[in-house]
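Feature annotation from Swiss-Prot assigns compositional bias 'Basic and acidic residues' to 1-27, 343-353. Among the features that Swiss-Prot reports, compositional bias 'Low complexity' is placed at 787-807. Here Swiss-Prot flags 1-36, 326-366, 780-810 as region 'Disordered'. Annotation comment: Swiss-Prot describes 1-80, 126-190, 240-272, 317-388, 432-464, 509-567 as topological domain 'Lumenal', evidence class sequence analysis. The topological domain 'Cytoplasmic' feature in Swiss-Prot is assigned to 212-218, 589-976. Annotation comment: Swiss-Prot describes 81-101, 105-125, 191-211, 219-239, 273-293, 296-316, 389-409, 411-431, 465-485, 488-508, 568-588 as transmembrane segment, evidence class sequence analysis.
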Amino acid sequence: MARLSGVERPDDSGLRERKARAVEEPVKQPVESADGAAAAAQAKKKTIGRTPDGTAFTVPHTRDMVSQLLSPSEPKNLSDILVLSIIGLHIVLLYLLPSFLRIPIFAVLFLSWRAAYNIGIGWLLHMQSNHSTMVLWARQTKIFVNPATGDNPHPQLYSFIKRELETKIPEDYSFEDAPIEYNTWLVFRRVVDLILMCDFTSYCLFAIACGSRPAEENFLVLILRWVVGLGLVLFNLWVKLDAHRVVKDFAWYWGDFFYLVDQELTFDGVFEMAPHPMYSVGYAGYYGISLMAASYKVLFISILAHAAQFAFLVLVENPHIEKTYNAPPPRKRTIESHAGLAGEEKSSRRPSDSSEMVPPPSPVALPSSTHNLVGVKNLDLHRITDSSIILIQVLFFALTMLTPSTPIYQFFFVLNAAIWRLWYSVGIGYILNCQSHRREWTRHFVKFGETKEEAWNQWKGTYHLSMTLCYASFIAAAWKMYTLPENWGYGLAILKHVLGAGLIALQIWTSVSIYDSLGEFGWFFGDFFFDEAPKLTYSGIYRFLNNPERVLGLAGVWGAALITSSRAMIFLALLSHTLGIAFIQLVERPHMQKLYGRGLRQDAGLVRSIKRSLPPSFKQLHGSVDRILDESIEFIEEVLDTARPKLAAGVTTFVKDTSELFHKYPARITITRIEPDLAGYDMNDYSINVDTSDCITIRDGAEDKSEVLVFEYGSPIKVNWTAPLNHSKRDWVGLYMIGQNPSREVTNVSSWGRWVATNHGSFDSVLSEKGLIASDVVVSKPGTSNTSKKPSVKSGSGKKSSTSTSSHEVASGQMVFSGDKLWWTQGVFEFRYHHNGKHNVMATSRPFEIRIPKFDDGQIPSHVSSNGNGFMTTAIEQALLPIVQNCFDRDPEISPQTAEEPFGCETEGDLKYAKRVVYAVHQMFGIEFATEVVRADGNVQNLAWRICNAKKVLAPYSMRKSNGASTPTGESEEMK
């Protein structure tokens, strides 16, 4: 049975998996009669949409793309005629082109439309999700503003769009009254219609151009090929229709990138069968068409298009879903007692999902997940498990490459793979079975005075090493048994390699999905070692399958057997699959039934969908087969219980992960845009000054002649600027490290998102206005002014050809740099004022320093280190709290107000707050922690306790000075 973990909740695993339920908020209408009551009841079924600013509106009913374009009963407008005309041109082109040009031309056409889909639409949606770019374009161009107001510079375009949209939506829609977000989405829909229809049309025409019948094909194979191909196409059609039935046009056209609807997330139909059905099984028709065309060209271009669609899903849709629907839960304002926390831990199967962990000195119910084992990113050569695996992999590789592929060596490699598979399934299964019944693994370590956490860590190492050796030996055997085809065009050589690679990719994806759903705890069968009142969840791949590893999790071994076409590899694949199923039935299933009882789900989503479509006679047959299997399994278990040998296995628990230096040296290759003519701008009117109200001013130099502005790490920095009244509305201010830009007149290094616009609505990104406080406030500037107009910039001032002592008016503004717009590292920085969206520097600020104060051990009484840690811990808490608050952007929703208050939650993929804290702790105390440690500690009090103990362990090395040049990230991460 599946190792399940966590608390059950909906799995929002696909953008187009959101079904709109009738909203309970009625549209207010007077009800004066029976007709009025019926109208009110109908109003309750209306879908209510909400824009990002909270505006509520009734979402009109719209028709799907195919019905709009092809149904004669649907009204047609100019955009429909345009789409149909372009489709018709594609068809005409197929018949006009000579035969030798059809395939390359339509291959280019299809790839162009596919790029417009995945890259073009993907970029638009990415920008809309993060910056509301399309809505900002609509606001800037004012295309939805009524021309009667005199503010619309495009009245003809307004009339055209209004006519186009109102023709398509006759009910519940008013172009003038609809929110700008909804109108923008409707225009975006028309662009999507054009791209999707041309994408599919060009693909079908390419398949027609490539279609042929192999010369050696007999009639039976021809019939079979077309029957299977048509079946896949019809299945694809059903998937698309059922998906549209569930999600409607709102999710089909990515509506929640523009607005949200008042609805619940529900899953039924095709969304119970497979994850992301629109992008997984929803592309089965591509392979059906490839089969009917009997063309490898169509197959390969189908695989390429399918891979591009998955990239679109991963890079565009999934991040938006996480941000929109899987926001972290609200933070608890007061920390709970240890007992309450322990109880909460007992009810959670995924300790890594909670940041409110028990303080380090207290015992925990479930193991800490601060130092995971699975994955390349968790590779730690200081651990003997990881170093042993690397050495063994090198040994396997050397033996495989250096030995000949003679029959005797092939035999030994296959035998080695079979032995490791037996150990991985039978040996590991025996250990887990003993652990389930008698806790033998844990008892062994307790006997020698170890804890069950130590037993758990040793078990993880044993299982991880066994799994790695099992698959390494299998790959080595496959390599020995494989021979390159002499003629790739003969027989099914290419097809076997393609299908085999697909099966291997399927197993890799399944394993990654299982790990994402279970976490480290479930992956290593944690409920065999910690069984305190667990709860089940069926998220991720487990929403569709109870035991994905039973079939999909072993697809790769059959892929290797298919590629090698070797009887020995078929034997290994059969052995692996048989032992894998036996492991599930004889080890996992009994333990899960004992632990969870009736809490186990009988049928997964895919099984439920299939059962609903079966006639009653088949359902009865299925029940009889299940009973026979259950009785057979019980008999086998009784036989095994009567004779079970005892095995003893133990593994002892060796160069630190390489630190990422990407952000230490930012990219210096950028495209610098220069404004060629700056005539008409008085350079003396440009200035930029740092607000010194929050800075720490210290004397610089022995003679104390100058002052250095010093800001605390992470504290917001206010900037005041002035510019001529005629300055460009697209001016902007960027934050840079001193020394990055050799020129004072031109900036040639990217700001990495650390910039703020001087005016609202000037750039296609809402983030550009984040931090903007005031702009274009007219003030009087006393003193001299430059009348020459000739630009010359040096440190914020220009050359003067003539002067005047009279004051004059200038524009001024204020902005604040905070959060992701700071550098989050120590160093000396400056602000630069740029002109008209380009990189001409009009003014620079005074340099200032970002500094993290070192914790002074000298302020701790000498007796503390020997008699106790209480005073030192308190001192560390007091020094650390304000820095941690800065690291959390001083946001009251996530930033702790006291040392005991827990940190706010952040998503698994975004650990920026924890990385900031890690960097600050490293610079303050000379101690480097992993981000997982910060998340596990959960508050300043626990973190201070850990720092205090680390200082004792590492003394006198804990205060080694760092150069402070690196950014506070353990992984490459671009600051937005």
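Just so it is clear, glycine is given a Cβ too, placed from its N, Cα and C backbone atoms.
At the 8 Å Cβ threshold, with sequence separation of at least 6, the transmembrane segment (105-125) lacks contact with the transmembrane segment (219-239), having fewer than 3 such pairs. Long-range Cβ contacts of the transmembrane segment (465-485) within its own chain (Cβ-Cβ under 8 Å, at least 6 residues beyond either end) map to 385, 388-389, 392-393, 396, 399-400, 405, 409-410, 413-414, 416-417, 419-421, 423-424, 427-428, 493, 557, 560, 563-564, 566, 568-569, 572, 576, 651. In this chain, the transmembrane segment (296-316) touches the transmembrane segment (191-211); three or more CB pairs sit within less than 8 A of each other, excluding pairs fewer than 6 residues apart. Residues 13-14, 16-17, 203-204, 207-208, 210-212, 225-226, 228-233, 235-237, 239-240, 243, 299, 302, 305-306, 309-310, 312-313, 513, 540-541, 543-544, 605-606, 609 of the same chain lie 6+ residues outside the transmembrane segment (273-293) yet bring a C-beta within less than 8 angstroms of a C-beta in it. Here the topological domain 'Lumenal' (317-388) has a mean pLDDT of 61 out of 100. Across the topological domain 'Lumenal' (509-567), the DSSP tally of helix, strand and coil residues reads 40 helix, 0 strand, 19 coil. Outside the topological domain 'Cytoplasmic' (212-218) by six or more residues, the chain places 225, 293-295 with a CB less than 8 A from a CB of the stretch. Using DSSP to sort the residues of the topological domain 'Lumenal' (240-272) gives these counts of helix, strand and coil: 20 helix, 2 strand, 11 coil.
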